[in-house]
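Taken verbatim from TrEMBL:
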- A:Cys640, A:Cys646, A:Cys680, A:Cys684: [4Fe-4S] cluster binding site (BINDING)
- A:Cys684: siroheme binding site (BINDING)
- A:5-290: domain 'FAD/NAD(P)-binding' (DOMAIN)
- A:326-389: domain 'NADH-rubredoxin oxidoreductase C-terminal' (DOMAIN)
- A:425-471: domain 'BFD-like [2Fe-2S]-binding' (DOMAIN)
- A:561-622: domain 'Nitrite/Sulfite reductase ferredoxin-like' (DOMAIN)
- A:631-766: domain 'Nitrite/sulphite reductase 4Fe-4S' (DOMAIN)
Amino acid sequence: MTKRKLVVVGNGMAGARAVEEVLSRGGADQFDIVMFGDEPYGNYNRILLSNILSGAQDASEIFINPLDWYAENNITLHAGSPVVKIDRAARIVTSEAGVEEPYDKLLIATGSRAFIPPIPGVFGPDQKLKSGVFGFRNIDDCNGIVAQAQKSTRAAVIGGGLLGLEAARGLLNHGCEVHVVHLAKHLMEMQLDTPGGALLKASMEKMGVNVHLEKSTTEVLGEEHVSGLAFKDGSTIECDMLVVAAGIRPNAEIGRSAGLTVERAIVVDNHMRAIDDPDVYVVGECAQHRGKVYGLVAPLWDQGKVFADHITQRNLDAAYHGSKLATKLKVMGVELASMGITEPLEGDELIQFSEPKKGTYKKLIVRDGRLVGGILMGDISKAAFLMQAFDRDSPLPEERLSLLFDFGAPSQKVTIDEMPADMQVCNCNGVTKSAIGACVASGAKTTKAVMDATRAGKGCGSCKSLVGEVVEWFCGGEVEEDPSVHYYVPCVPLTKPQLIAAAREQGLKSVSSIFQALAGGVEDAASKPALASLLATIWADEYEDERDARFINDRVHGNIQKDGTFSVVPEMPGGVCTPDELMRIASVAVKYNVPLVKLTGGQRIDLVGIPKDQLPGVWSDLGMPAGSAWGKSYRTCKSCIGTEFCRFGLGDSMGLAAKIEKRFRGIDSPAKLKLATTGCPRNCSEALIKDVGFVAVGDGKWEIYIGGAGGAHVRKGDLMCTVDSEEDAIALGGRFMQYYRENAKWRERTYDFVPRIGIERIRAVIVDDSDGIADALDVAMQASVDAAYDPWKEALAPKTANQFASVIETAEV
Amino acid sequence: MTTKILIGSLDQIPKGEARNFMVRDREIAVYHTHAGEVYATQPGCPHKMGPLADGLIGGATILCPLHDRLFDLRTGQNLSGDCTDIQIYPVSLTEDGRIAMELEPAT
């Protein structure tokens, strides 16, 4: 294939990144690449200009791609050579210096420039900025500001947005008195609400920056050189230098003169192509997508990927869907992160914390369980988590307090330990904790090496220290990293709530579809039962039961023994059976020569040692329902005598046990559920140490205890509530079980789950319906109850081929 | 010289599961993976003779139901690092979906 020619107009962050994306897709084999840049340099990280201004970094440190890079990648770079004409008919671009380059495909990435408001006196007679007045947009601006600051005593900055404040902070380092002049009522009004703006003002002033709000500049004073500013309210300030940071304007003129549709910027489709010409792509701040023009770095990375996928034909369906905006302020001494909207709409949930004395302010706006806006000041330790939740629109933990604070996590180390592997450390470049881990594992042992290889910390730079800490953590050697500890199953990098959300969203109803959609098509044997349980829980009768995903116990409905035989436990609610049933059990034991007949701890009779192929016969002869004694599921409900014969009984424990068993039998759960009812607080049936225990206390009332255990752990259950009737006991017990089913980790028994969540929290959700989910829990449990069936009926209608065959005889041919 | 024996048809084993077949007085576990492949191994786990055909299949691996020993069905290699390897038998599918096996062990 003959190579085509890709000409890129613009050598800023967008243009260079887009080209890198093309190269990473093997684009060098498809295209000869030519780039034009206005500035006489390679490509640098514009976001870090404020670091150069403050002296934190040297100009040489912010280059992303030095000139060598272009040569190494066979890219022809015309640096310092602005393009002045695009002839779309002839497909030729022409630069100011007269260089002409024909193209097959064109990328416009001209970015934007500082907006200089037309204030009288801001320009000199030559129409250039008056002496001492600067924009703040490129390396030359930066060098000019630094040079001027050396000889200045009072500097003014017009603009109290992100850039203006970063400039102001930088100027302080050069010994100037600094004044920020802002038109709006508070600083950073795009990203902050009024209290946040006030707090930021206080922080800036504490640092030594003078802040003037609601000041409309009417004139830049001074004959030759700037000497001050005059305002609409008649006041003035003196200054001997001025930085104008009043926003940016897209460099879209080149598009207009080329006959492309330009509104605020050049209008593009979802493939980042100009809507008028399929051979012209536009990315970055000069592009307008669905009416939006972005001025932050993250959208530009996304756009670059879509462009590269499309132009290399790697993915012709690649589409950009817009970006959500989140930002951090890089001002030394001020910790600030902001995302989305700043004020709640009606019906939104507002979560706020304010401690002005410490400069801490946190405000989150939640809509439908999702984060739609947030402001963090002072303490931004939760910023990475929240920004990710915001960006991905993922459901938030129900524990709202944990959104604002890390309890019990005093040191950073704990935080990195607990950071999920898929958490983004660098939001600009989408680098996760696990990606950094992989990079360290492949031999990069320094922060710089990791940053070079992954680009982590090379976007806005605000995460650099965190990247360093994560790298250090991975290099720690002794630290055992198991990124999967937070996953529900190790092969799908999602927590249980995330996994449930994904399964619901994508309609994944079978274990094999989960592997296909969420685990890259790789099956993990050990994960199958956990996934089957979860899907059965959330889909009830819609669950697509693939028997191969079930542990053998759930395939043949008995508990496997060490010799490969199985145990058979018929249902016996509350430990009660009829004499007839008892005789049948005895007959079966004789007929099948059952090696062991044993009473279980759950007040039932266990027939142990039955070969697989005898199971259907045993079940049929018993004529009793399955006792669910083998699975991660509701097992049984034991009871005492209750009121019928016992002289102390206060409630009908046997009756309630039977009702509970009939309702919940066979319901899947994260681990086994053993229940009990007891007719009085003497606790003969040990209800106080059950997963769910019901204790009659008289007058028809029942106490419900949860999280008890009498096994490997011994734990007395926590009293969840006292109810007035059997119906309420069943309803609330069931609601708790559903909450446990949806929220517990795989194999996490209630005696771990209840202390982990906290009894107060559980009581609030289950009894007081604090989260408004009680109805949903009840509905979900009812769906599972309705979907449950007696699996021993498979004796007559096997579910799979040779389901109960111990061995298949070969009919040789 | 090895002999190929037709031991049964693939539809006797549900996808993703395994069954034991009696092949000339020898019990052999035969596996039918989700990818539609077929494998055969010795029936008992070397650790405590757990019935491998009752285990869980993941890709081309088998997890013993008793104590979670994991083996590669293609090679017989123990993957969990806590057990000896298992015997595998060469097995293939005929065009009409029948399972053909060579009785001579491959390893």
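Each Cβ is built from the backbone N, Cα and C atoms, and glycine gets one as well.
Because TrEMBL annotations are produced automatically, they should be read as predictions rather than curated entries.
Within 8 A of the CB centroid of the [4Fe-4S] cluster site residues A:Cys640, A:Cys646, A:Cys680, A:Cys684, the other residues of that chain are A:Ile641, A:Gly642, A:Phe648, A:Gly649, A:Ser653, A:Thr678, A:Gly679, A:Arg682, A:Ser685. The average pLDDT the prediction assigns to the domain 'Nitrite/sulphite reductase 4Fe-4S' (A:631-766) is 94.
A 10 Å cutoff on Cβ-Cβ distances gives A:Cys684 ([4Fe-4S] cluster binding site) a total of 18 other Cβ atoms nearby, all chains included.
Close to A:Cys646 ([4Fe-4S] cluster binding site) in the fold, though at least 6 residues off in sequence, lie A:Cys640, A:Gly679, A:Cys680, each with a CB less than 8 Å from its CB. Every protein chain shown contributes to the tally, and the Cβ of A:Cys680 ([4Fe-4S] cluster binding site) ends up with 19 other Cβ atoms within 10 Å. Cβ neighbour count for A:Cys640 ([4Fe-4S] cluster binding site) (all protein chains, 10 Å cutoff from its Cβ): 26. Residue counts for the domain 'Nitrite/sulphite reductase 4Fe-4S' (A:631-766) under DSSP, helix first, then strand, then coil, are 49 helix, 37 strand, 50 coil.
Broken down by DSSP into helix, strand and coil, the domain 'NADH-rubredoxin oxidoreductase C-terminal' (A:326-389) contains 10 helix, 36 strand, 18 coil.
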